[in-house]
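Engineer: Once you've had a glance at the structure underneath, I'll fire off some questions.
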Ligand SMILES: NC(=O)C1=CN([C@@H]2O[C@H](COP(=O)(O)OP(=O)(O)OC[C@H]3O[C@@H](n4cnc5c(N)ncnc54)[C@H](OP(=O)(O)O)[C@@H]3O)[C@@H](O)[C@H]2O)C=CC1
Ligand SMILES: O=C(O)C1=N[C@H](C(=O)O)C[C@H](O)C1
């Protein structure tokens, strides 16, 4: 929906020319209850000045712009799938203007996550490394498996695969899986994570959580958690074959935020999975 109606949610999209930016613009236009209010790309981006839906062969009248303040003044909520430094710059302005933020960006440091929490005291924020319903249900399955398999010497390995353009590793989803498992077992991921193995590593240390990263081609996003015991293995997998689920989840998150003024939430809140 592009024309305003009194009840439609005014959604701005950051990273409008990106892989997720395109999916999100398409989803907003098809939604029926949201309107595309603004589209942002960073200064110097080749898409600036073009219609935000030009990639669909459509004209919405919403041109891609780089001025964050002007764009956010037109919106109720910003959906941001960019890079950590971009998201934080957008969030600082959003918090000032009272615009809500759905953050899909991954790769934040602990210090950057703390910055998000501070801004969430002024505006409502959803931060989730994976907006798909299936992945969030997988987090719950992992919580149960991690508790049930805590005794008995099950070694835990998290394997993820993504397209060749992805810039952060392990994926935000894989890290969240590690956190969910560690917390379900009453521990901290930082004390158990092994991110690299090379050369004479020695035997696997018990209680560690290993990560393996694959990058190639156009893989949208695969995650498998392996609980390797003696005489048996349990594997819990999720595979995305399209980015549409991330976009639909983001719109659900944006609708959830419409009723909030401040605070930090995640997809467990949106999907009532807590
Ligand atoms: N939570 C979830 O469900 C999902 C999360 N993601 C995450 O979303 C992010 C984006 O993924 P994807 O769409 O594939 O990436 P792309 O590289 O395709 O798109 C990124 C977009 O952000 C823009 N951008 C880059 N740096 C900045 C900056 N500093 N300030 C403002 N804009 C910037 C890019 O502009 P330019 O082209 O000019 O560089 C581009 O438009 C990643 O962190 C990814 O891990 C992805 C899918 C699902
Ligand atoms: O960069 C991607 O593509 C994805 N990133 C997210 C992550 O890092 O977990 C979510 C999804 O796996 C796709």
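Just so it is clear, glycine is given a Cβ too, placed from its N, Cα and C backbone atoms.
Pulled these from TrEMBL:
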type: ACT_SITE; residues: 162; note: active site, proton donor/acceptor
type: ACT_SITE; residues: 166; note: active site, proton donor
type: BINDING; residues: 15, 16, 17, 18, 19, 20, 41, 104, 105, 106, 128, 129, 130, 131; note: NAD(+) binding site
type: BINDING; residues: 163, 172, 173; note: (S)-2,3,4,5-tetrahydrodipicolinate binding site
type: DOMAIN; residues: 10-131; note: domain 'Dihydrodipicolinate reductase N-terminal'
type: DOMAIN; residues: 134-271; note: domain 'Dihydrodipicolinate reductase C-terminal'
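I'd like these features described in context: how deep, what's nearby, how far apart.
Structural biologist: For the recorded site, residue 162 (active site, proton donor/acceptor), the DSSP three-state label reads strand.
For residue 166 (active site, proton donor), the same-chain residues lying six or more positions away in sequence with a CB closer than 8 A to its CB are 215.
In the structure as shown, the Cβ atom of residue 41 (NAD(+) binding site) sits within 10 Å of 25 other Cβ atoms.
For residue 172 ((S)-2,3,4,5-tetrahydrodipicolinate binding site), the number of other Cβ atoms no farther than 10 Å from its own Cβ, over all displayed protein chains, is 19.
Residue counts for the domain 'Dihydrodipicolinate reductase N-terminal' (10-131) under DSSP, helix first, then strand, then coil, are 45 helix, 28 strand, 49 coil.
Look at the domain 'Dihydrodipicolinate reductase C-terminal' (134-271): DSSP puts its residues at 49 helix, 36 strand, 53 coil.
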Engineer: Which Cβ among the binding-site residues (17, 130, 173) has the fewest C-beta neighbours inside 10 Å?
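Structural biologist: Minimum Cβ neighbour count within 10 Å, taken over the binding-site residues 17, 130, 173, occurs at 17.
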Engineer: Can you tell which of the binding-site residues 163, 172, 173 lies nearest to residue 105 (NAD(+) binding site) in space, using Cα positions?
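Structural biologist: Among 163, 172, 173, 172.
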Engineer: What residues, ordered by sequence, lie under 8 A Cβ-to-Cβ from residue 162 (active site, proton donor/acceptor) and sit at least six positions away in the same chain?
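Structural biologist: Expected: 171, 214, 215, 219, 220, 221, 222.
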Engineer: Taking only the binding-site residues 15, 17, 19, 41, 128, which one has a CA atom nearest to the CA atom of residue 163 ((S)-2,3,4,5-tetrahydrodipicolinate binding site)?
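Structural biologist: In terms of Cα distance, residue 163 ((S)-2,3,4,5-tetrahydrodipicolinate binding site) lies closest to 19.
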Engineer: For the NAD(+) binding residues given in the record (15, 16, 17, 18, 19, 20, 41, 104, 105, 106, 128, 129, 130, 131), what is the largest pairwise C-alpha separation in angstrom?
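Structural biologist: In whole numbers, the farthest two Cα atoms are 22 Å apart.
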Engineer: Determine, to the nearest whole angstrom, how far the Cα atom of residue 173 ((S)-2,3,4,5-tetrahydrodipicolinate binding site) is from the Cα atom of residue 128 (NAD(+) binding site).
Structural biologist: 9
